[in-house]
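Marked as Zn(2+) binding site by Swiss-Prot on the basis of sequence analysis: CYS13, CYS16, CYS35, CYS38. Residues or ranges marked as ATP binding site by Swiss-Prot: PRO122, THR123, GLY124, THR125, GLY126, LYS127, THR128, TYR129. Positions annotated as domain 'ClpX-type ZB' by Swiss-Prot: 1-54.
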Amino acid sequence: MARAGEGADLLKCSFCGKSQKQVKKLIAGPGVYICDECIDLCNEIIEEELAEATEIGLVDLPRPKEIFAHLEQYIIGQDSAKKSLSVAVYNHYKRIQARESGTGLGEDGVEIAKSNVLLIGPTGTGKTYLAQTLAKMLNVPFAIADATALTEAGYVGEDVENILLKLIQAADFDTKKAETGIIYIDEVDKIARKAENPSITRDVSGEGVQQALLKIIEGTQASVPPQGGRKHPHQEFIQIDTTNVLFIVAGAFAGLDDIIATRSRRRGVGFNAPLHDADEEDLFSQVRPEDLQKYGLIPEFIGRLPVVATVTKLDQEALVRILTEPKNALVRQYQRMFEIDGVELEFTDDAIESVADQALLRGTGARGLRAILEEVLMPVMFDVPGRDDVERVVITREVVLENVNPTLVPREAPSRRTPREKSA
């Protein structure tokens, strides 16, 4: 037993040797003692080792087919985009691990460049959700930014460095962790320059923002103000290297299909060669850098986004599947909420189809499904939790379209107990 020489009753830490008078707390074990300072040190060591263990390792990095299979569980359709993103994400993190292990440069000195992603498709088709699901699967920090809020330095609006601050915040200000995160920039089509030909007038929310984004997307050592907002002298900055940050930039690119169609016609056989009747999504899949440049993206910006993936509009069948099939399908979420109150929630097939039809009618796609369900279920979600006589709520087509009251199936005995009460 560790004891100090001053007196038989004075104990000391078996690890650092400090006496009980030199520390705040001394905890006894079978023949040993440990002080609060050594406990804190042990906790720091464990946290560091756990942080290293949670980093993506080359052995543990899921292969493209595994990433695709995971996306399949949560995202309906969009197979082409899921495949493109699965490959892009795998190659990106494989490149990071190769650099960290010293194998990034082969014997011939070839260095693998970063491949950021451009995601094209209509609103409400799952672009943001694709990126979120990938980041969650890989356990990396994830930040979403809106390109329309950005302006070039010196003008009212957000600096591009504020995007990096969001990523740092998502990583709990652990910059090392943030440096391998994913940033999703939405509405990037809105920062296309206003005219195809460069103008002498300032385009502070268009070409100027594209120029400002170039460096951080390509990879640079950026200085980020910890409080956000504009930079000013004499303030402290957080330094972050964006070399290994994966950027996924996305937009609806309304009108891009017309540019692609015109280019395809021009290269067809004959003066007025008719273009085959092609859907918008088919045209998007044929996009080329020259089309994006004509749309208003500058060549340098296009060059930083070598991987182009496209998502398609969702039809009624796809929206019905989104409502019912994924692991966290919206219908299942609401059924679970009612189940907590001891009530069964049932949707008829035509009710679900009607919800999908409403989303198509509003032009909101998958993004609007939750809002429609909230509108339909709000009255019953308000009323049923206060009643003990309801066993099941049935939502029909008429409830969705005609705003009639849902069918409330009474229970045999008015003694409902929630799952929490049953386990008590």
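All positions are counted from 1 along the displayed chain.
Note that Cβ sites are derived from N, Cα and C of the backbone, with glycine treated the same way.
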Highest CB neighbour count within 10 A among the binding-site residues THR123, THR125, THR128?
THR125
Who sits close to GLY126 (ATP binding site): which same-chain residues at least 6 apart have their Cβ under 8 Å from its Cβ?
ILE75, GLN78, VAL311, LEU314, ALA366
Let me make sure I understand the structure: which of the binding-site residues listed (PRO122, GLY124) has the fewest other Cβ atoms within 10 A of its Cβ?
PRO122
If we check Cα distances from THR123 (ATP binding site), which of the binding-site residues CYS13, CYS16, CYS35, CYS38 wins as closest?
CYS38
Quick check on the binding-site residues: of CYS13, CYS16, CYS38, whose CB has the lowest count of neighbouring CB atoms inside 10 Å?
CYS16
Segment confidence, the domain 'ClpX-type ZB' (1-54), expressed as mean pLDDT:
78
Cβ within 8 Å of the mean position of the Cβ atoms of PRO122, THR123, GLY124, THR125, GLY126, LYS127, THR128, TYR129: remaining residues of the chain near ATP:
GLY121, VAL311, GLY365, ALA366, ARG367
Counting every protein chain present, what is the number of Cβ atoms, excluding its own, within 10 Å of the Cβ of CYS35 (Zn(2+) binding site)?
24
Give me the sequence-ordered set of same-chain residues, not including CYS13, CYS16, CYS35, CYS38, with a C-beta within 8 angstroms of the centroid of the Zn(2+) site's C-beta atoms.
LYS12, SER14, PHE15, GLY17, LYS18, VAL23, LEU26, TYR33, ILE34, ASP36, GLU37, ILE39
Fill in the CA-CA distance, TYR129 (ATP binding site) to CYS38 (Zn(2+) binding site), as an integer in Å.
44
Indicate the candidate from LYS127, TYR129 with the smallest number of other Cβ atoms within 10 Å of its Cβ, considering only these binding-site residues.
TYR129
DSSP secondary structure for LYS127 (ATP binding site), reduced to helix/strand/coil, please.
helix
